[in-house]
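Each remark here refers to the structure printed beneath this line.
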Amino acid sequence: MIDKLKTETRNQATMALDSMPIHDILKAMNREDGKVPTAIATQLPQIEKAVKLVIASFQQGGRLIYAGAGTSGRLGVLDAVECKPTFGVSPEMVRGVIAGGEQAFTEAVEGAEDDERAGANDCNRLNIGEKDTVIALAASGRTPYAIGVLKEAEARGANTVSIACNKEAKMSQYASVAIEVETGPEVLTGSTRLKAGTAQKLILNMISTTAMVGIGKVYQNLMVDVQPTNQKLVERAKRIIMEATDSTYETAADYYQKANGHVKAAIVMILLDCSYDEALTKLQNAKGFIRKTVDK
């Protein structure tokens with residue numbers, strides 16, 4: 001029953017929320033938010049397992065698919081769309097799907113989360129396969145749509161991961177890796193867009209970022225596959241080249257042009273004193289890893 005879920009119980013520290021001064025409300029929210037990283041820390045071994053599945057999928061040419069309803073679905077879409085500009089991957093490589101379709105991102109779609117079959121249908125629509133990793137999110141851990149996604153993804157041979165914010169979540173039994181972060185009662189009873197949503201976002205940050213490190217999208221702690229799609233990102237790309245090679249801005253800008261805006265190639269060209277074509281060949285031989293390229 002939903003009333004047994006800790007995410008749905010009342011927070012005893014905020015029973016008088018409607019009469020608390022603004023400052024006290026903010027302190028209470030800040031205090032509760034501070035509990036989230038500690039809760040996540042207990043699940044790091046499970047998160048690590050999930051990351052390894054995602055890396056394996058990427059190495060085989062597979063995809064990472066996030067799926068959820070409401071806030072959970074929106075958070076998956078948010079993380080997915082940020083991967084393209086940050087890591088230079090195709091929008092197909094990391095996808096986010098939400099119960100009720102795209103319109104559900106900006107407005108609630110009545111009954112969408114209760115439709116288990118819709119979760120299965122979305123897996124079919126995306127042609128989920130054995131090379132893919134599917135991560136279903138649900139704060140309650142019992143959302144039918146998310147369970148439908150996991151069941152169908154497993155049936156189609158994909159890696160499956162569940163992220164819930166309650167222990168002994170129903171959806172965990174349908175995932176090969178189950179992440180259960182107990183975030184507890186919300187400041188505003190049942191409003192899982194708060195601590196539960198924060199926990200989900202932090203976990204997705206961990207999974208996508210660490211997986212991208214694992215396939216060579218990062219050098220040192222620099223996002224070397226950034227896509228310079230606007231002037232701000234062009235400048236960031238040049239500064240990444242500067243930092244990675246300890247060169248001047250002028251040198252970085254020069255090699256940025258010589259490399260046709262390819263940040264990785266520019267870095268290798270400077271560090272190994274080679275041509276653009278040679279840099280591309282070396283990177284290809286090292287499967288895109290700059291460190292493996294320059295340390296040979």
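Glycine too: its Cβ is placed from the backbone N, Cα and C atoms.
What Swiss-Prot records for Glu82 is active site, proton donor. A C-beta separation below 8 Å, combined with a sequence spacing of at least six in one chain, links Glu82 (active site, proton donor) to Ser208. According to its DSSP assignment, Glu82 (active site, proton donor) is helical.
Residues annotated as active site in Swiss-Prot, with sequence analysis given as evidence: Glu113. Taken residue by residue with DSSP, Glu113 (active site) is part of a helix. Long-range C-beta contacts of Glu113 (active site), restricted to its own chain and to partners at least six residues apart, with a cutoff below 8 Å, comprise Ala69, Gly70, Ala99, Gly100, Thr143, Pro144, Tyr145, Ala146.
The annotation domain 'SIS' is assigned in Swiss-Prot to 54-217 on the grounds of sequence analysis.
Confidence in the domain 'SIS' (54-217), given as mean pLDDT, stands at 97.
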